[in-house]
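Notes to accompany the following structure.
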Amino acid sequence: MHKIYPIIAAFVLGLISAIGFAPLGIWPLTLLCFTLLLLLVERAANLRQALTRGWWFGVGHFTAGLNWIAHAFTFQDAMPHWFGYGAVFLLSLYLAVYPAMAAGLAWRYGKRDQRQFVLYFAVAWLVTEWLRANIFTGFSWNPLGVIWISALPLADGARWIGTYGLSALTVLLAGTILLASRAENRSFAAATAFLIALFAGAAHFAKPTTPPLRRDVPVRIVQPNIGQQYKHVEAYEEPNFLKLAQLSGKPDGRSRLIFWPEAAVPAILDLEPNWRDRLASTIGPRELLMTGGLKLYYEIRGKGGNQQTVLTGANNSLWVLTPDSWLISRYDKAHLVPYGEYLPMRGILQPLGLSRLVPGDADFWPGPGPETLDLPASGSRPSLKMGVQICYEIIFSGHVVDERNRPDFLFNPSNDAWFGSWGPPQHLAQARLRALEEGIPIIRSTPTGISAVIAADGALLDHLPLGQAGYIKTFLPGKLPPTAFARMGNPAPFLLALLIFVVGIALRRRSG
């Protein structure tokens with residue numbers, strides 16, 4: 001076989017494997033593509049070939065799955081729009097390093113025994129996927145395990161082993177198909193498939209009953225369908241506000257919680273009391289408004305008559321506003337998007353013509369991380385604890401909840417208007433997986449979709465589709481007791497990895 005053919009095959013398999021993720025969700029194709037990837041890597045003549053095939057699979061996988069990133073470049077003028085396609089490809093070249101590492105490690109230590117090879121590939125994929133989420137700023141978008149979110153019962157395993165554990169089981173499932181191709185390995189393949197099915201069934205039937213909606217906590221989630229091209233434009237500030245206010249509905253005497261999207265208002269709320277009064281006028285006397293906005297920081301520079309006030313930084317924040325115009329809580333986004341909310345190495349890259357996608361002269365600063373905000377009781381509504389994860393913070397498994405102060409629910413305000421038709425459903429799928437892992441319901445509000453109510457078991461209770469203005473009028477879902485994953489965090493999937501690795505070692509000693 002010509003050396004280029006396996007590389008082309010790996011790249012094409014990577015492209016096709018992305019079909020298993022939202023919005024298409026054809027997960028059997030992803031499973032088949034991983035089986036064929038395992039075959040390609042197993043047949044590599046040397047470590048370099050194994051790494052190369054894994055890398056090109058990753059390039060195809062991420063280029064297709066992250067195609068929506070290119071859409072974000074159409075909303076700014078600092079760089080040519082075609083940069084978006086180059087950005088997707090360059091990002092994919094980097095992210096493909098992690099599948100390449102998994103392929104290389106599996107080939108290096110499992111090449112003598114196909115069973116070991118499959119087991120080690122599953123372990124290596126788990127570890128490298130975790131590394132992808134944590135090295136540098138981390139980018140854990142579309143972990144392999146998320147393909148199961150609409151294919152229960154295997155997804156229920158996330159309550160025990162988290163997202164990365166699901167990813168390892170997915171590789172094992174793909175590996176059983178490869179193992180079944182050899183008569184001597186069919187019993188091992190059958191045993192592996194049986195154990196995965198047993199685990200999935202046990203996880204599904206052992207999950208607690210999801211608590212009912214809390215009738216004492218009415219909520220209203222607003223989706224104004226304001227496109228990115230109409231934000232940050234002064235002429236649209238008033239129409240945008242009126243649309244948000246109208247969709248929030250008139251106060252009806254209940255103690256509602258009203259949720260607006262990320263960066264919903266252009267005002268600096270702690271510095272502009274008139275805007276606070278306007279927002280407060282849209283809610284009733286016992287209601288609270290949760291809205292995205294900015295927190296700005298200034299510094300006085302210069303001496304004498306040459307002093308000037310300079311904007312030095314900003315937070316991407318979530319504010320809680322009362323009917324009497326008080327800002328009682330604020331959460332600052334901690335996990336910022338590189339090149340989106342700040343420009344790495346600004347002193348080098350800005351002179352080259354690069355800028356961040358979000359307009360502005362100052363970079364955003366990160367907040368302290370997950371924290372729980374206290375929402376006071378009012379009328380029939382009891383006091384509540386609200387966790388907040390702004391936009392893509394919700395994709396980081398094991399990093400969305402303040403473990404010392406577990407919330408009653410998570411609010412995920414987001415601005416998915418940047419991300420075309422593929423990004424929002426992928427974002428929603430990952431939010432559902434966080435709810436399932438933690439046993440905590442999630443409220444999502446976005447400007448253009450997909451706003452949603454997610455139960456504590458990951459079920460999608462209600463949602464507003466892309467490109468539609470509207471609101472969701474419902475009650476807050478109840479939370480579940482902490483799951484095994486909520487108690488342990490990401491050590492849980494690493495325990496699974498250790499177990500699989502030990503089985504591989506045992507096979508080596510037995511065959512040796």
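Including glycine, each Cβ sits where the backbone N, Cα and C put it.
Just so you know, TrEMBL annotations never went through curation; they're auto-generated.
These features come from TrEMBL:
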- 222-482: domain 'CN hydrolase' (DOMAIN)
- 6-39: transmembrane segment (TRANSMEM)
- 51-70: transmembrane segment (TRANSMEM)
- 82-105: transmembrane segment (TRANSMEM)
- 117-141: transmembrane segment (TRANSMEM)
- 161-180: transmembrane segment (TRANSMEM)
- 187-206: transmembrane segment (TRANSMEM)
- 488-507: transmembrane segment (TRANSMEM)
Segment-segment contact (the transmembrane segment (488-507); the transmembrane segment (82-105)) at 3 or more Cβ pairs under 8 Å: no
Leading contact stretch, 6-39, 51-70, 161-180 vs the transmembrane segment (117-141) - CB distance under 8 Å: 161-180
Top Cβ-contact partner of the transmembrane segment (161-180) among 6-39, 51-70, 82-105 (pairs under 8 Å): 6-39
Per-region confidence, the domain 'CN hydrolase' (222-482) (mean pLDDT, whole number): 90
Same-chain residues at least 6 beyond the ends of the transmembrane segment (6-39) whose Cβ lies under 8 Å from its Cβ atoms: 49, 52-54, 56-65, 103, 117-118, 121, 142, 144, 146-148, 150-151, 170-171, 173-175, 177-178, 421-422, 425-426, 428-429
